[in-house]
């Protein structure tokens with residue numbers, strides 16, 4: 001489908017290619033999911049604006065050049081003169097004898113309306129003015145996809161358009177006439193009354209057409225005052241401008257590996273900045289993660305004595321503090337990991353054995369990461385019950401603090417709670433909510449993740465306990481978080497999502513959940529207010545995320561639920577039988 005190619009091109013065009021550094025506008029020296037999301041939103045906006053401006057400028061230049069060439073090359077021939085004379089004679093005929101042929105596509109002039117709407121368009125996606133050759137974001141993405149090859153541009157392919165009609169369903173005839181003019185074939189038409197103010201009907205049109213003709217169709221329809229907006233759709237009825245997200249666990253291989261320097265090389269304040277051996281070690285482990293593909297066994301890391309020493313120092317501290325300050329779910333999982341000889345102070349656990357443990361308990365698994373994922377891609381992984389984990393170890397000179405997540409933070413902070421069913425479900429809910437979310441919503445989700453999964457507190461028998469990985473792997477902030485030196489607020493996703501975050505010192509505010517179940521319920525209600533126009537679910541049997549965008553898919557899901565309910569009903573009946 002041509003729109004799929006356009007959607008893929010969208011992801012390539014707006015990939016993060018800047019180093020995550022202060023020099024490029026990164027908001028702090030310490031890497032965090034929240035700052036990553038903010039930085040990525042800024043860079044994507046800047047990149048999108050630049051790409052669109054360049055494409056529009058090129059289109060304007062090409063159009064002007066074509067006009068000049070045509071003017072220079074067109075010298076009236078005798079045949080042209082004869083045709084002009086014939087046309088003049090026709091115009092002099094009486095009205096009843098001459099009826100002009102209607103244009104294939106006739107649209108009203110709406111220069112004033114376009115001018116008014118431009119001020120409301122987001123930056124980088126403005127409608128073109130009358131002096132602009134005029135390329136919308138849809139057209140630029142489609143044009144880039146079509147430019148892959150001449151065969152692709154000329155081949156007849158399928159597309160889907162959603163057009164919003166301002167003047168009623170009668171405008172549909174003009175759309176169908178335009179499609180016929182550009183040699184398209186309509187396969188499906190569906191309309192409904194619009195929920196958007198000022199719009200009468202929404203119309204979905206599925207058609208077959210070449211990419212070149214589709215571009216011309218979009219440009220023609222866009223100029224009509226009868227249509228409020230028009231969107232080119234990709235698979236699953238998603239707008240091609242919507243952020244790409246993986247549909248299967250294997251597609252996590254396509255997540256953006258950021259083009260950035262390694263943190264020890266970047267920051268003079270990094271504990272390993274002056275240690276060449278440590279910097280080389282970090283680079284080697286990062287390259288292992290870069291080479292990993294879906295289905296591969298997680299590479300074995302032969303940790304050095306120095307790295308094991310660092311692990312031992314942090315492990316013993318957590319072992320001492322957890323019984324008193326960690327939540328019950330964390331303590332139970334920690335004990336289970338010790339019983340299975342995965343958590344021992346004499347060696348670092350390998351990600352493969354930890355992944356096997358999690359899969360057995362909650363269905364979560366691990367995937368090695370270089371620590372260089374976008375916030376969007378990291379959250380997307382959680383939707384598949386996959387946690388992207390680093391394998392490098394913090395510098396030995398700073399065992400109780402690291403400027404970025406390392407394997408000790410992942411192992412001691414995140415892994416135990418990912419073995420708890422309720423917390424694992426909460427983590428996956430955050431991941432599912434991120435799929436197809438806007439950049440601004442990714443910022444909010446990252447902030448919620450930060451104040452819960454990383455620095456969250458919960459109530460337990462009237463006392464405050466920690467469940468955040470950042471707290472459980474950093475005893476200094478753990479003691480601060482449970483003290484009276486900071487403010488404790490009840491967890492409410494709407495307010496948590498906009499809470500400012502700072503990384504220069506310990507947080508002044510922490511959010512306290514009544515329980516994981518309560519946190520999940522509140523989170524689900526908040527997610528339902530997000531702008532994403534579709535719902536998704538994870539199918540654990542196929543490791544695939546399904547977009548619930550059709551009656552057929554909903555019917556299939558209902559049948560599956562009925563089967564599960566039947567099993568539950570049978571189980572209850574058997575339990576009620578007398579011995």
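Every residue number used here counts from 1 along the chain in the order it is shown.
Here the Cβ of each residue, glycine as well, is placed from N, Cα and C on the backbone.
Quick caveat, the model's predicted, so the values are computed rather than measured.
According to Swiss-Prot, 409, 414 bind Fe cation; the candidate from 353, 454, 460 that the record adds to this site is 454.
As annotated in Swiss-Prot, region 'Disordered' covers the listed stretch 105-132 rather than the other ranges in 77-104, 105-132, 133-160, 161-188.
Comparing Cβ neighbour counts within 10 Å across the binding-site residues 409, 414, the minimum falls on 409. Within 8 Å of the centroid of the Cβ atoms of 409, 414, 454, where the record puts Fe cation, the same chain has further Cβ atoms from 405, 410, 413, 453, 468, 469, 470, 472, 473.
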